[in-house]
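Pulled from TrEMBL, these are the features on record:
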- B:32-71: DNA-binding region (DNA_BIND)
- B:Gly106, B:Val107, B:Gly108, B:Asn109, B:Leu110, B:Gly111: NAD(+) binding site (BINDING)
- B:96-196: domain 'CoA-binding' (DOMAIN)
2 protein chains.
Amino acid sequence: MSQHRHPGAPGRAGAVPALPDLPEATVARLPEYLRALHNLADAGHETVSSEGLANAAGVNSAKLRKDLSHLGSYGTRGVGYDVALLIEQIESVLGLTQCRSVALVGVGNLGHALAGYDGFASRGFRIAALFDADPARVGEEINGLVVRHVDELPRVAAEQLISIGVIATPASAAQAVADQLVAVGVTSILNFAPCVLSVPEGVDMRKVDLAIELQILSFHEHRKASLTALPGTAGSALTALPGGLAATDTQEAIGT
Amino acid sequence: MSQHRHPGAPGRAGAVPALPDLPEATVARLPEYLRALHNLADAGHETVSSEGLANAAGVNSAKLRKDLSHLGSYGTRGVGYDVALLIEQIESVLGLTQCRSVALVGVGNLGHALAGYDGFASRGFRIAALFDADPARVGEEINGLVVRHVDELPRVAAEQLISIGVIATPASAAQAVADQLVAVGVTSILNFAPCVLSVPEGVDMRKVDLAIELQILSFHEHRKASLTALPGTAGSALTALPGGLAATDTQEAIGT
DNA sequence: AGGCGCTTGTGAAGACGTGCACAAATCGCG
DNA sequence: CGCGATTTGTGCACGTCTTCACAAGCGCCT
Ligand SMILES: NC(=O)c1ccc[n+]([C@@H]2O[C@H](COP(=O)([O-])OP(=O)(O)OC[C@H]3O[C@@H](n4cnc5c(N)ncnc54)[C@H](O)[C@@H]3O)[C@@H](O)[C@H]2O)c1
Ligand SMILES: NC(=O)c1ccc[n+]([C@@H]2O[C@H](COP(=O)([O-])OP(=O)(O)OC[C@H]3O[C@@H](n4cnc5c(N)ncnc54)[C@H](O)[C@@H]3O)[C@@H](O)[C@H]2O)c1
């Protein structure tokens, strides 16, 4: 992945924050830290050690410290990190201090679930508009939002600034929708359709593909099966645990 | 990620296939190649060059060749790869030659969408059972499958071999559900709940988290905004493309 | 048969990510 | 005031992944 290293960009940011050019792997973990921190805050913790937070987020403590050090975070040696302060810092870095508007295109099977999901608002994202191409769906109201025809996208985008576009149409329509989103100035897209999309430089694309996840799991399942076929050691994977308690130390396969 | 290198395991597999211990990054891309290959096959192509397939899958051609070389694939120099043969090879490596049964736990907002999704069957996965804890949902029929109470999991799992468990419950119930799945012998789990789950060694866990994807996009959006604030060069990201055609060469940010 | 163009497979180098291990810093307590 | 317990921040080494560049192989055309 050679992306996100925009070539001619000078290392300095505009005004106050002085963005320190975080490693992509770190960025991908910050949201997990953030969720763990919110849980800790709700539980009444004022501070947390790197070990504690790492456990709560399911990562190595050294990795966590390095990640936080990248954003110049201030922990106190011998004590740990101030939970509230760290939440503030991470939210600031992730750009979550302002509420971001999301446009959802394709209100079918999956689109309905997404439109009704409350996990958006709780993290500072607001579904600003719903679009579909099917006249039968246009006008339907979901969660207080009316489904509009996708042709109205330019007009709606002109009214309110759309931060992120979400594509939940069939794969055959996804590229066209992406082009439309880009045309109205959307520079971040999350795609649920199982296909590759081309977008111009400067537009960020992320993809969620259920089938791929299942196939990766299938591979490991296949591999485990052919390993238990004959080796003398360890066939314990198939036996259930004694109690219902899972071991708290292991966590496997987070390809992300 | 130190996972998937099971320590004591000898390098040799059981019988025929001689699994060559693929790099994890390669495994994650094989499903994409597979989809691209199916598209090519449907379009009537008999062979494809690494360049052509790489384009269709949205990756670098050198990377694609190295990936395929890992599974000992036989392309022909000067010609390319036999599409049908390559499909067969990849499906065999991914363990897709046998149909895998999936158990879905949590038939709520998201669970309904998943249960009604036809992208499962088309890739060799079969939803074998639906479970929920809410008595009001038990008995409901979705897509020809009856929702059962989650307490019946052991009995159902004994009847049919479950390959993969999918968790679509609220986060508060996810760990308990994971424990139950592990207890009945499931060794691969796909989790949609926004939380970290502990599973014993030998069980593979993958996670799909919408909120994390949005927050990563938010970060890049934030970064782009503070870059366009003052630098003299390149403010072209905001201007729409000339036609509706997207450039075919760039693709950004696939953290997966 | 021979040459030519095209494509694969891979060695090597570099970029990136991870985790250990330890010095430096801070707090609390005697 | 000093000391020990604790925890952060990071230098360093290692493994993984990516990309370039090119020799070797294949088919086709003359
Ligand atoms: N349902 C799932 O659980 C699931 C899971 C993973 C991925 N997906 C993928 O998500 C996408 C949507 O899945 P779904 O099950 O909701 O399909 P669906 O057919 O139920 O919904 C698709 C919706 O998109 C609309 N649409 C079609 N063309 C459009 C266009 N050009 N502009 C705007 N809207 C348009 C249709 O009218 C329809 O309402 C598919 O690509 C699917 O492969 C679905
Ligand atoms: N809806 C979305 O678009 C979306 C997107 C991303 C992630 N998620 C996550 O997916 C999960 C499900 O979301 P949802 O919108 O479908 O929620 P939901 O509340 O609509 O559905 C949850 C279902 O799980 C069932 N359930 C609760 N405890 C259970 C248990 N112990 N065993 C079995 N079933 C149990 C409930 O009865 C309910 O039917 C949540 O964790 C959510 O954060 C949802």
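Note that the numbers count up from 1, one per residue, in the order the chain is shown.
In case you wondered, yes, glycine gets a Cβ from its N, Cα and C as well.
Counting residues 6+ beyond its ends, the DNA-binding region (B:32-71) has Cβ neighbours under 8 Å at 20, 22-23, 26, 79-84, 86-87, 89-91, 93-94, 248, 251, 254 in the same chain. Listed binding-site residues B:Gly106, B:Val107, B:Asn109, B:Leu110 compared with chain A at a CB cut-off under 8 A give B:Asn109, B:Leu110 as the close ones.
For the domain 'CoA-binding' (B:96-196), the mean pLDDT of the prediction comes to 96. The Cβ of B:Asn109 (NAD(+) binding site) has 15 other Cβ atoms within 10 Å, all protein chains considered.
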